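Below is one structure, written out as structure tokens, with a few remarks after it.
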């Protein structure tokens, strides 16, 4: 479908949106791994070896080559996985499905044999309401942690980048760095309402230059200081590192974990690019440059063990120090932008699932549907982000907080992927076991290390996520109860037929729209209208706006219209169907399309 040139262009653009977060990790990984000082140069090799294998196992093998394939028509993120599952099993908690929904062109799903493992899993999931609720809570936990990421990424990236000023002026207090970081953050959040369209062409070149610069500095440092660090490619050093470090070595995994942060944003921001472009960018540019950057820092630390606090900035050759500082700050801003964008799109998907209070969603781009801005969320994120930056003066605690959020999202993705491999891809159970087993071994190892740091800042994302989870779950519970109430108190058809064609009222010219949650039957409120109003329009339409577990509903399939009662009653039902990516506006355009389909 796309030419090689187009693929290259998209791969280049994807660097700016998808990989900023992964790319800025070298700013703070080594400092968070060795917060004290380095005892033994062998430790550096061990840590480097861990970083190399973490980058290979999680972003490269798991995300770029497996998880990205589990997209819902190009949409990524926990909600996309959930809606994929909703199409393959009846696990939606609000039971407003209808067989007509399955006839949509975008409602793609696979069918399976009655006796297959997939069918058994499906029946097991559908049997109890508690299992459906557990799955929903799992998805919401993942979502809330991504929102936590949206707060912590800007805090840690911008603070680490601004820390470069202090390296050149050692006498400067920490307060100045924090003030600079806060000013940058306020600027970043204030510019959100312009949308990323105007600036996104700048992002990709910034990130590409950043990757090439850190890769180049890496090569220089390996050549200048110690090329023996390349032996870290042998996993033997991981074993030695743990044997020597004991419990301290284990807890330092919380720092190493930060080298793979941003893999989640990689999956959530997928909606902007084809999978092939994301894979190409990762294997050709991101992966090699990151390995070089970490190896270069390790080589520098072998010779200068006391410089671990600002390892990144100290390892830069003096002649190019300030240009690199500027590029680093720009890259940190781009990385923050990626997670903020991901947060907005996740809130929008939560709205469609009936899991979030109704907030205003603004579309910032005419060309791309996916680019949105949510004002209320933007300011909440900004306040929390500044609170985190100013509250934790040192990066180490923000690092611990960040690690906690990332590990939990990864665990959620693994569990959802297991279900997808069974129900959607219908993989052999050995493959499922291999994938889940390997992922859980690596992620639970990190999770156990992060647990030691809950008291040193790790509690922040847990508190933020708990607050959002409470809001989301309560809102969803209310939505469900309201739907059940409307279902139980429907008006009987016999009562309406008994009123006769005029409904016992004066029918005046015009069309009356009655909004309702119900996709079938006449809502309770209508009986209230009839008993209390003297007149009603000559044509009455019950409009139900309904979100389906698909990413989009084509315009021509949006409205489903049918008549209610005999012809002379002039009453109709209209179901307006939307996917979780579609924007629903009650404007003239919407009414015009509704009337067209009615006529």
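The backbone N, Cα and C atoms fix where each Cβ goes, glycine too.
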Between 201-223, 224-246, 247-269, which stretch does TrEMBL give the note transmembrane segment?
201-223
Of the ranges 96-123, 320-347, which one does TrEMBL list as transmembrane segment?
320-347
Ranges 171-189, 570-588: which does TrEMBL label transmembrane segment?
171-189
Pick from 75-95, 495-515: which range does TrEMBL record as transmembrane segment?
495-515
Let me check one thing: do the transmembrane segment (458-475) and the transmembrane segment (201-223) come into contact, meaning three or more Cβ pairs under 8 Å with sequence separation of at least 6?
no
Sequence gap of 6 or more, Cβ distance under 8 Å, 3 or more pairs: do the transmembrane segment (171-189) and the transmembrane segment (402-424) meet that?
no
Give, as a single whole number between 0 and 100, the mean pLDDT over the domain 'K+ potassium transporter C-terminal' (509-586).
89
